[in-house]
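Positions annotated as transmembrane segment by TrEMBL: B:12-33, B:63-86, B:98-116, B:143-163, B:188-209, B:229-251, B:263-282.
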């Protein structure tokens, strides 16, 4: 939605900001109200990147708003620093630096812990402003006398004073803020942000250092907050201490939710609604102190019934009226579904001949993975015991075993999701024991999950882009202003993966609208898009209908050309058809290893399955 | 200034505050542990308990009736809140739960402000507990001493409910694995409602008990909520013993720091929280996987 036409949103924003002084007075907006809305909107741009795009709900943004505001105001008043714009930038940097330090602590935990820690942090800042630092901040009096900015353009000097004059300066700041925020959201970093929001576990598993990216989002939000805080002082000619209160953070959260999270403009819309309702309820209706109750009720109702806020609601309404989103897409997708299901052979054979790029550094023969004495103990339970396991380059290995044999635990240890109690894992000649999932994926070892782990809020293409990015950019890179389309090899890799997993007809379908079999293929696609030299597949056939199984086995065959793969599955017929060698696990140990023929005729295997667990072969 | 009697009396203040925090945090933590919802309106529950008790007190003149009315009113409010709104949020993301309880908290505060104005209200302690008690080495307000006892009894009651009843067993099992409890054929949603009621009641009870110590304002719950969060982070989410330990630690840190400089009370509290986060990220008595 945000990247259909280049610069359209930037242009519309500029047009809106230019027209506002001519239109808004007719709607009863005082210039000071509009200016306050802009400051809140700018504050909210950063917060929306943190909350709407990355999914981190912070109740502590007032800490950075206040920090930026007071640093700038202190420089401009007590310290006698003459350059307003520079002071604002210094305030922003101070807030960003504070954000970095606070982020290191707050991001140690996620979810509600994160929310609670940010609340506590904001409260500390409030008290610090009031007491230990009151010599610098003026305590409860704040800092009066913040000057207004002027721009020296060489040939002339522009002075921005109050009202619509100051509006020009604030509008310029807001516009720059929007342009930067849009670039960030459209950059590879922005793509990883939304991956973290939708499924942090998978974002880690496809090779992104999500802690680094979360910290980035946190610092960005702090920087925006700091700059907006400085503007608040300029706007009021006074830096108020209540910038630091919990109410400030709360109001920002509420305005963002009212306007619509994940839209960048939501906070601006929310602030407009908030401030104009406040004026209206207080002045026109004479409600006095009850205005906040009305806004609280409006907020609760919006959270209950309009999850995506006003902008999200309008977008849905627009979609409903034009029949674009809610109405048309399911109709369109139905026949496609049938088409995909009815012509699997054609589609798969079309994908099969596409050349598979081998990793250049991979040596052609010898062992790619060697596990020695791998043991995992959970308390008294021995999940895996002393497993020796070697897979050669180019091999397709199958692993079978009754339920509870320790197959999934074994895979989790190979991909370093869990660490072995003892034993070692060597991958491509490197000891990876004790490394983390992200680093192991970066080395070229990843897996597809037994239970789908997709980025459920994104489209098929966006899912694959996120996985492909990790291979092309590494686990952490701050290319904040780079367009995602300008990354060499990205679109080719995504297209190639789409073909491999037979999803070329539905690249722009949201994951939530996919059929189960398609989700299962996308699950494999996510692992493939990281371009692994060793791919582990945990029960790729689980839950599929017999016809889907046939289809997927063909798919796996085409994927396996030029790749090394290990597949766990209960479907022995399928595995015996696919695999060159099969390892049988039972009760956490390797029971036997050999070619499919040897396994079929092995008496201990027959005993393990037929003697112990009847019906496994039938399934 | 800083001398032994002063120090000891601050220790007692810390104990009283800590006990209250422990009680409020227990309510918050069992609600979160069982339902998976962090109730940001919990501070408002504490405040409403105080006001409901204040109303009962001004009609009857009885402190005991005030305590009963305060707790019961908040329990009913909690159950109503769970039935009408919260239960629709069990399957929505954590952020939405935070947003809706945050919004409800603001509504509660503003309703109270509308009815009682922002002016502070006073509930005097019961006649029996007024005055000062001599502890031999220092004189200490009788009611504050009593608070420690009253809250200890309440915590004991909560302990009995959690560890000695069938309901408590379900709640503790639910904290460990609510999906499993659900599939054992126990109606978790009914348990959720009861837990929400009990958790809210703990806050409401604390609110009226605290009313004679600190005068009532509509914003009285806000600071308490922040302190409660620190307690839960220190003690570990979902841990009843953690809430008690965390509460006592937080209470003593606030009191003892206030003796030197009240401005640093929160800084020290935050420093303690950071220390716990660095050394034991899951809280002192928390277990991994409870969030």
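Backbone N, Cα and C atoms are what each Cβ position is placed from, and that goes for glycine too.
The model shown is predicted, which means the values in this text are computed figures rather than measured ones.
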Fill in: Of B:12-33, B:63-86, B:98-116, B:143-163, B:263-282, whichever stretch has the most CB pairs under 8 A to the transmembrane segment (B:188-209)
B:63-86
Discussion item. Let me check one thing: do the transmembrane segment (B:12-33) and the transmembrane segment (B:98-116) come into contact, meaning three or more Cβ pairs under 8 Å with sequence separation of at least 6?
Written reply: no
Item to complete: Sort out for me which stretch, of B:98-116, B:229-251, B:263-282, has the most Cβ pairs below 8 angstroms to the transmembrane segment (B:143-163).
Response: B:229-251
Worksheet item: In the same chain, which residue numbers or ranges, 6 or more beyond the ends of the transmembrane segment (B:229-251), come under 8 angstroms Cβ to Cβ?
Response: 14-26, 28-30, 32-33, 155, 158-159, 162, 175, 269-270, 272-273, 276-277, 282-287, 290-291
